[in-house]
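Have a look at the structure below before the remarks.
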Amino acid sequence: MAEFPASLLILNGKSTDNLPLREAIMLLREEGMTIHVRVTWEKGDAVRFVEEARKLGVATVIAGGGDGTINEVSTALIQCEGDDIPALGILPLGTANDFATSVGIPEALDKALKLAIAGNAIAIDMAQVNKQTCFINMATGGFGTRITTETPEKLKAALGGVSYIIHGLMRMDTLQPDRCEIRGENFHWQGDALVIGIGNGRQAGGGQQLCPNALINDGLLQLRIFTGDEIIPTLVSTLKSDEDNPNIIEGASSWFDIQAPHEITFNLDGEPLSGQNFHIEILPAALRCRLPPDCPLLR
């Protein structure tokens with residue numbers, strides 16, 4: 001095997017007992033690859049490990065976990081200054097793995113690990129909310145956010161992405177739309193939103209294609225709003241084709257401003273952020289990510 005620069009894997013603490021992962025790492029090490037492994041225990045560990053990765057001079061920092069882990073590692077990488085910033089590698093080990101799935105990361109651990117180490121590094125966008133919090137995949141608001149943040153961990157562990165749908169059906173009687181106003185470049189909408197998706201990536205909530213036209217290197221955010229007064233009829237209508245769906249509002253812009261008369265919550269790659277005012281903007285070519293050559297989210 002050709003020689004590859006060293007990499008550092010930042011592994012979510014929930015995946016430490018993953019025997020196939022241990023075996024995959026050992027095999028690659030036996031083939032001559034240098035792979036450092038660090039395990040997260042609490043919030044902020046990823047920043048510290050990225051700093052260590054730079055001191056070690058690795059070419060890639062691999063995020064081993066779900067969308068939240070990818071978010072934390074990618075956010076730490078874009079905060080780095082200077083040259084020779086490591087590329088991001090992705091090893092999907094979470095419940096839903098929405099970003100990894102949509103960009104075409106292999107499900108097989110050994111193949112995903114090889115791609116994370118040796119794949120082509122391509123500049124991709126990220127998004128930033130209120131000049132502080134970032135997301136690499138999607139910001140979701142409304143019905144979808146409450147479901148993904150409230151779904152019990154045991155249900156997610158047992159059923160994966162399907163758990164979000166099941167929990168949503170159980171909660172329909174208590175969920176109401178969010179009234180808000182959204183502005184962007186050549187875009188303005190005001191009304192009641194059941195679901196809001198602002199995507200750099202395409203899917204969230206365990207495989208739901210909220211922003212099917214999103215690309216991760218076009219300098220734009222894709223917006224999709226699901227409107228309606230009643231949740232069940234709206235969800236039924238969303239199963240139809242987009243052309244027949246009167247409850248979908250779409251837009252594209254490098255930024256969006258959201259204002260609400262009451263507190264609403266957005267889910268940023270799994271992390272909730274509540275408030276009444278949100279400014280969401282794209283950060284073009286914010287970091288390099290090792291992706292498959294046929295990644296469908298590249299223009």
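Even glycines carry a Cβ here, placed using N, Cα and C.
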(message) Quick check on the annotation: Swiss-Prot has THR40, GLY66, ASP67, GLY68, THR69, ILE70, ASN71, GLU72 binding ATP, so which of THR16, THR95, THR101 does it put in that site too?
(response) THR95
(request) Report the member of ASP67, ASP218, GLU271 (the recorded positions) whose C-beta atom has the most other C-beta atoms within 10 angstroms. (result) ASP67
(request) Could you check which of the recorded positions (LEU215, ASP218, LEU220, GLU271) sits closest to THR40 (ATP binding site), going Cα to Cα? (result) GLU271
(message) Give me the CA-CA distance between ASP218 (Mg(2+) binding site) and ASN71 (ATP binding site), in Å, as a whole number.
(response) 19
(message) Can you tell me the CA-to-CA distance separating LEU215 (Mg(2+) binding site) and THR69 (ATP binding site), as a whole number of Å?
(response) 21
(request) Would you list the other residues of this chain near Mg(2+) - those whose C-beta lies within 8 angstroms of the C-beta centroid of LEU215, ASP218, LEU220 - in sequence order? (result) ASP125, ALA214, ILE216, ASN217, GLY219, GLN222, ALA252, ARG299
